[in-house]
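> Quick paste of what TrEMBL says about this protein:
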DOMAIN    309-371  domain 'Transglutaminase-like'
TRANSMEM  15-33  transmembrane segment
TRANSMEM  45-62  transmembrane segment
TRANSMEM  94-112  transmembrane segment
TRANSMEM  156-174  transmembrane segment
Amino acid sequence: MNNAINFIAENPIDIMLSVIFAYPIIKGFLFKFSSKNLKNDIEDAGSYVSFIIGSILGAYMTKSIFIENNKGIYKTIYDCIPKNIIYLIEGKPIIIYVVCMPIVIFIIYKIIDIIIACVNRITFYPLLDGLERLLREKSNFIKRIIGAICQTPKSICFILLATFFLNVFSMLGINQDYSRKLEKSDVYAFVSREFISPITNSNIAKELPKIINNSFKIVVKNDSQDSTENNGIGSKTIVYYNGITLNEGLRSNNEINDFARNLVKDKNSPKAKAKTIYDWIGKNIDYDYKKADSILDNNFAMKSGAINTFYTRKGICFDYACLYAAMGKANGLKVRVITGEGFNGSNWISHAWNQVYVEDEKRWINVDATFYKGGNYFDSSIFNLDHRQAKIAG
């Protein structure tokens with residue numbers, strides 16, 4: 001009994017999604033096949049399908065218009081939006097998710113719902129009447145099996161819809177406990193990864209490294225050497241990032257410094273230099289999936305930091321941030337490493353990125369070379385949509 005309670009407490013999301021999927025199938029088995037009931041279920045399922053399609057297309061279109069807005073009709077629509085609305089959205093980018101996206105989703109949902117209802121009345125309803133006549137002489141068990149089978153599409157709609165809302169709530173960052181429960185859910189991870197995230201996050205999720213997860217580990221230790229004699233006085237705190245200190249991660253050499261200076265030699269402004277370094281790292285450094293798995297297993301044997309990343313041309317978020325900082329500092333830029341959380345399409349996870357000080361504008365700008373392939377993450381006005389809890393590491 002205690003084991004069952006512990007299992008439920010540790011896997012509430014998996015259990016909830018499993019129950020949501022199984023409920024229509026069990027109901028179909030218990031109440032048997034009925035043309036009238038199934039027509040009502042089809043109407044409901046049609047609404048669910050319409051909402052799912054509307055949610056997917058609405059999310060895609062909203063992000064294409066308000067986040068990417070760099071191609072085709074989406075750029076045209078974005079350019080037609082009044083400037084005061086654009087300024088409002090840029091100042092509070094969460095408006096994209098709580099206002100713009102629901103409106104677009106609702107409009108698409110209603111259009112699709114009407115189309116599906118018309119198609120059902122012409123095609124499926126006559127077929128169901130014929131199937132009911134065919135099953136009149138069949139046993140109750142056969143009718144129950146057919147009833148369960150006919151409810152399977154509804155079960156699929158239910159679990160997709162539930163996962164979509166869990167994904168949205170995760171994006172809004174309800175609390176840490178909720179995020180941890182989502183991370184432990186195998187069912188949510190599978191449905192979100194295979195069906196929700198690849199579409200709702202459009203090109204952004206498709207281009208991001210496939211295993212951007214909690215492969216960034218921060219360990220804080222007290223250097224207590226001689227602390228017994230001094231009663232702890234004089235001991236210092238050392239922070240390790242993926243097994244090394246920040247100073248070790250930022251360590252550079254003459255070859256990297258010379259390369260970085262030569263890379264931006266034609267650029268005059270600090271911001272142009274910062275952008276050139278961002279572009280080069282984003283294009284030339286690949287995400288190290290093997291290292292990500294090792295870090296997740298608390299195996300820090302693989303080297304980290306700017307030097308290793310430059311020569312191997314691969315790394316994870318901390319390595320990207322270290323190399324960017326090293327190349328920026330080689331050019332006299334004020335660069336700092338930021339730790340916090342990034343949204344990977346399903347969950348908020350530990351992450352690292354950079355900030356660069358732009359002297360002309362008297363401000364720090366956000367830069368995330370790890371997310372380069374997913375869109376514009378250089379001084380983006382909507383950077384905080386998928387980055388939060390920023391802390392200056394150094």
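Glycine is treated like the rest: Cβ placed from N, Cα and C.
Can you walk me through where each of these features ends up in the structure?
Taking Cβ pairs closer than 8 Å, the transmembrane segment (15-33) reaches residues 8, 41, 131-132, 135, 140, 143-152, 154-156, 158-159, 162-163, 185, 187-188, 191 in its own chain, all 6 or more past its ends.
Panel annotation: around the transmembrane segment (45-62), residues 74, 96, 100-101, 104-113, 116-117, 120, 153-154, 157-158, 160-161, 164, 199-202 of the same chain, lying at least six beyond its termini, place a Cβ under 8 Å from a Cβ of the stretch.
Long-range contacts of the transmembrane segment (94-112) within the same chain: residues 49-51, 53-55, 57-59, 61-63, 66-67, 88, 168, 171-172, 382, 385, each at least 6 residues beyond the stretch ends and with a Cβ under 8 Å from a Cβ of the stretch.
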